[in-house]
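Enquirer: Handing you this structure, nothing more for now.
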Amino acid sequence: RKQERRRIYEDNLVNVGLELETEDKSDSKDHKTYFLKIHAPWNVLAKYADILKIKVPFKESDFPHGREAPLEFLSCPFRLPDSVIHPQPDYFTSPFDKNKVEFFLISDKSTFFPPSTRNRIVYYILAHCPYYSEGRKDREKTGIKRLLSNGTYTAAFPLHDGRYWKKARNSEPESERYNLYKHWARFLCFYKEQPLNLIRKYYGEKIGIYFAWLGFYTEMLFFAAIIGLICFTYGVLSYDDNVSSKEICDAEVGGSILMCPLCDKKCPFWKLNSTCLSSWQSHLFDNEGTVFFAIFMGIWVTLFLEFWKRRQARLEYEWDLVDFEEEQQQLQIRPEFEIKCTNRRLNKITQEMEPYLTIHSRCARYSLSAATVLFWISLIVACIIGVIAYRLAVYAAFASIIKDPLRRIQLVGRFITPQLATSVTASCINFVIIMILNFFYERVAIWITDLEIPKTHLEYENRLTMKMFLFQFVNYYSSCFYVAFFKGKFVGYPGDYAYMFGKWSKLRNEECDPGGCLIELTTQLVIVMTGKQVWGNIQEALVPWMMNWWGSRKARNHPESLYSRWEQDHDLQGFGQLGLFDEYLEMVIQFGFITLFVASFPLAPLL
C-alpha cells in the first residue's frame, strides 16, 4: 500500500512539473533507505510564485540613504565584513507575474529566487499534491504531512547549502551556510552583530524575524542585567549597615522577644534572634535598591515594547513584509481544512466555491476544546492546592524539628528557617509538577487545535498560542502569585488562627518569615526559572548537539562520495512541526518571570 501511495504521489508531482531523481538504497550508508531528490525548474517556480504572490524586485530604489550616525566608528569591532553580509541596494518590489517576466530584474534565473523562497514553493506543492488516482475523490489523501504521519515516507527536508565546516574550493563562491556558521552560529561570535539579511535569505523571513527579536531582547536585557547587578551589589555592600537585622540578632533585643509556636501541638515557643541569618539573607534582595530596581524595570518594559515596535516596522520596510501576514498566510487555506470540510459554499468576494465548517460542527468542536482547556487549568489549580497542603503539613514538621532545642541540629537551624526549608522543598516539587503537566498538555493542545480545524495557518497558530500561553501562564506563575500576594495574609492571631480546610484539618495557614515573604518568592523564582532554563538548555542544546555532532563527525570522516549531502542532512535534528512556536513561548514565559516578579530577584535579567 505504501509503495502504491508513493508511486501515485510521485506521478502527480511529475505532472505538476517537478523533476524527481531516486537514489537506490544500495548507495545509502545503511543500505536500507531510498532518497528521492526533488528539483524545481524555472517554469514551476515562476508558476507558483505567481500563485503565492511572492514579491520580487522590479526596479532599484532611488530613495536617498540616511546619513551615518555620529560615533559610528565605535561599533566597528561588532560589525561583520561586507564580504560576509554582501550588502545589496534597496529595490521596489511587486508580486510576481509569470506573464510579465521581462518586467522584473532577472539577471540569472537559477539564483533569482533565494533558497528560502524555492523551499517554500516546493513545500507548498508537496503539501497540496494528492496521492489518489485520477478520477477518484479520496479528498483525505493529500499532502506530504499525511504521508509522513502514515509512514509512507520517513522524512521530508530541504538540502543545506554545502558543508558548514569546510571552505569552498578556489573557483567556487563561499557557501552561505559556511558564512553563517563561521560568523554567527558559534559561541565566540556572541558579541558580533547578526547577519540578519543573510539569515533571512537562507532560512526565510519567519526565522529572520525571530533572530532579530532575540538579538534585540538580549541587547535590552544587557541594561537590565547591569542595573540588577548594581542593586544586588548594593545589598551585599550594605550588609553590615542593616539596622533591622542587627536588632533581630541582638541578644538583648531579638533574644528577649519570645515568639508564639509555629504549629499547634509539637512546636515550642522560640526567640526572634533564631531567624538572625535569614534576616541577613533577606536583606540581599529586599533593600532600598529593590524599590529603585522595580521602578526601573517598569520603565524598561515600556521602552522594550516601544523600541521593538520601531525596530519591527523598520525590518518590515527593509524586507518588504508590509501586509506579509495577510497575503502569505491568511489567504492560504490549510490542506487539512480542505480535506475535512466536505461542505461547499460560494464566496461572495472571490465568486468561487470554497469549503466551510457548519455552525453545529463548529459549536460542538469549540465546546469540547473549551472544556478540555478548563479541565487542565483546574488540574493545575488542584496541584497548587495540593502543594500548599504539603507546605502546611511539612511546615509544622520542620518547625517542630528545627526549633526544638533538645535536638542536635542547631547548626542547620541557624541557616535554615522552617519557612525556607518548606519553601525550597515545595518549590522543587512544584517545578517537577510543572514540567510533567507541560509535557502532557502540549500534546493535548495540539490535538484539540487540530480538532477545531482552523481555516488558515495564521488562525491555527493564533488558536494554539492562546491555549498554550493561557495554560503556561497559570502553570508557571500561579505558585509565584500565591507566595507574592496570598501567603501570610490570612493567618489570624494567637488564640484564633485561620486554618486551610477548617479547624478539623489542623493545617494552620502559612505564615511568612519574620523578615517577610520576599526571600521565599526569591527561592521560588530561582528554582522554577533556573530549573526551566537548565532543562530547556539540555533539551535544546545538548541532545541536538550530540545528534548533530555524531552526524557531523561521520560527515567529516567520510567524503561526500561515501556519505552524501542528503544523508548528512537526514541525520541532523528535525525542525519540528510547530517550527519556532516553542522558542517564542519559552521566551515569553521567561519575559514574564523577568518583569512580573523581578523585584524579588534582581539577578534574573543576568541569568
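These residue numbers are counts, starting from 1, taken along the chain as shown.
Cβ atoms are placed via backbone N, Cα and C, with glycine included.
Not my notes, these are from TrEMBL:
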type	residues	note
DOMAIN	2-196	domain 'Anoctamin dimerisation'
DOMAIN	199-607	domain 'Anoctamin transmembrane'
TRANSMEM	210-237	transmembrane segment
TRANSMEM	289-308	transmembrane segment
TRANSMEM	373-398	transmembrane segment
TRANSMEM	418-441	transmembrane segment
TRANSMEM	468-486	transmembrane segment
TRANSMEM	587-606	transmembrane segment
Enquirer: Could you please provide the mean pLDDT value for the domain 'Anoctamin dimerisation' (2-196)?
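Expert: Over the domain 'Anoctamin dimerisation' (2-196), the predicted model scores a mean pLDDT of 83.
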Enquirer: Residue list, the transmembrane segment (373-398) vs rest of chain: Cβ under 8 Å, 6 or more residues beyond ends.
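Expert: Counting only partners 6 or more residues beyond its ends, the transmembrane segment (373-398) has Cβ contacts under 8 Å with 262-264, 266-267, 418-419, 421-423, 425-426, 429-430, 433, 437, 441, 444, 448, 467, 470-471, 474-475, 478-479, 482, 500, 507-510.
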Enquirer: Cβ under 8 Å to the transmembrane segment (418-441), counting only same-chain residues 6 or more beyond its ends: which ones?
Expert: 262, 278, 376, 379-380, 383-384, 387, 390-391, 394-395, 398-399, 402-403, 468, 471-472, 475-476, 479, 483, 510-513, 519-520, 523-524, 527-528, 531-532, 535
Enquirer: Report, as numbers and ranges, which residues of the same chain sit near the transmembrane segment (468-486): CB under 8 Å and 6 or more residues beyond its ends.
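Expert: The answer is 373, 376-377, 380-381, 384, 387-388, 423, 427, 430, 434, 437-438, 441-442, 445, 517, 520-521, 524-525, 528, 532, 581, 585, 588-589, 592-593, 596-597, 600.
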